[in-house]
Amino acid sequence: MSMTTSRERNVPPDDNEIELGRSRHSDVAPESESPQAHLLNSDVASVTKNFMRNASHATANSGAIAAVLSYCIASISMTVINKFTVSGEKFTMNLLVLLCQCSVGVAMVYAAKCMGWIQIRTLNMRDVKTWFPISTMLVFVIYTGSKALQHMDIPIYTIFKNLTIILIAYGELLWFNGRITPMVFLSFILMVLSSIIAAWPDLAPSTAKTLYSRAFESLNLYTGVPHATEGWGEGVRTEAASAMHPHTALSPLSVKPYVGAATPLAAAVAQQNSEAAASSSTLSSWSTNGYVWMLANCMISATYVLVMRKRIKLTGFKDWDTMFYNNLLSIPVLLFMSLLVENWSVETFEHNFPREKRSTLVFAILLSGTGGVFISYTTAWCIRVTSSTTYSMVGALNKLPLALSGMLFFGNPVTPYNSIGVAVGFIAGIVYAVGKYKQVVAARIANSDATGASTSLSSSSSAAPSGEYVFDLKGEIPTHTRQQ
């Protein structure tokens, strides 16, 4: 018996037993091997956990980058197509164009649903009541944007869109407990400065002429002598002077005051100033209307983004749901507003869609409807995987290629003002991005000091403040899959 036992102890373990980490008589193994095996298993588990966490963070980052790039491409293409569609002073059917775009978008998404490519959540009355205000605001966002784009060049339009970022940031400060750091505030100052620089050619001359004309109007009332205003209203003054001195070829500046002439001269000057002011108003009304529409668009866009972020949490909509129901619920609003505001007569259609450009315009509208699907989806995607402020920041950084596209496709003039304005706006976007990055890092360091967690940028998403990047698997392309 002792010989058998000795022989069994000398039999080496087979490969399967070695692979399983035990021998045939592992119960008599030395106790010193147990802590080593436990340590080895814990190291393997730690490495595996870190690998999976880094993989998920990499997936989230790649998904966020994909969302940002997709939104940039959609934004540039939609702006160029819409500018081509509504460009021109005589185009008056913006709401009809938006109605066609939304209808094309709904048809495309519904076709994708019927082919089984995506799934769309079934709509109920609760979701309709929750989401209908969002769709109504989207109508006003797109409409005011199209009107501003109709009256403004693309570089100026893109610069003023930066002001939306400021409104969104302060909205997040009030609604989502956001925070504005000094560097972020500096970027806001640069954004406002870029807008002032870009708009200076439209704002400065009218102000200077008004002050200049008022000063000389007061002087004319006392002296009775019309004074030149450097080419402004010269035709009116010359005719007035010729009427009072028909036998002289003297210029208005050489006319000497005489008794009793103050009243007719004052009347002539008043008429001259009123006609010149009307002419100046006609020349500047086109760009002035653009600034008014742009201001309205910035305010409504900021409200839309902030309210949309809240409602997405309430409804639990996915990206395709958001895009589909945004456009679907916008159709009745657009139809009602178009019938109420726009004239659907044959003459109006001939005026807005002339025969020589009709086929091109119809194709552009259909193409813009297709692009509307893309931009609606990428907007919701970008907001979901990043934040509403980050989404608007991406739009700010996108202004440089967008402005270049306007100069390239529409021949917008390259002036020192709009060039400097675009450059300052682009720098403001970079400063803002750096400021938000430092804010995220500081928040993570503070959170790690409080919890003892790692300060790595790939740490848990709980360290991110409200409204910032959230590193989870939401970065994947958010499409629905059909349930088996």
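Note that Cβ sites are derived from N, Cα and C of the backbone, with glycine treated the same way.
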Name the residue among Asn54, Asn343 that Swiss-Prot annotates as N-linked glycosylation site. Asn343
State whether, in Swiss-Prot, Arg311 is on the same side of the membrane as Lys83. no
Counting only residues 6+ away in sequence within the same chain, which have a CB under 8 Å from the CB of Asn343 (N-linked glycosylation site)? Thr92
Answer with yes or no whether the transmembrane segment (91-111) touches the transmembrane segment (180-200) by the criterion of at least three Cβ pairs under 8 A, sequence separation 6 or more. no
With contact taken as 3 or more Cβ pairs under 8 angstroms (pairs 6 or more apart in sequence), are the transmembrane segment (361-381) and the transmembrane segment (130-150) in contact? no
Compare 61-81, 130-150, 156-176, 288-308, 322-342 by their Cβ pairs under 8 Å to the transmembrane segment (91-111) and return the stretch that comes out on top. 322-342
Before we move on, state whether the transmembrane segment (156-176) and the transmembrane segment (322-342) share at least 3 Cβ pairs under 8 Å, counting only pairs 6 or more apart in sequence. no
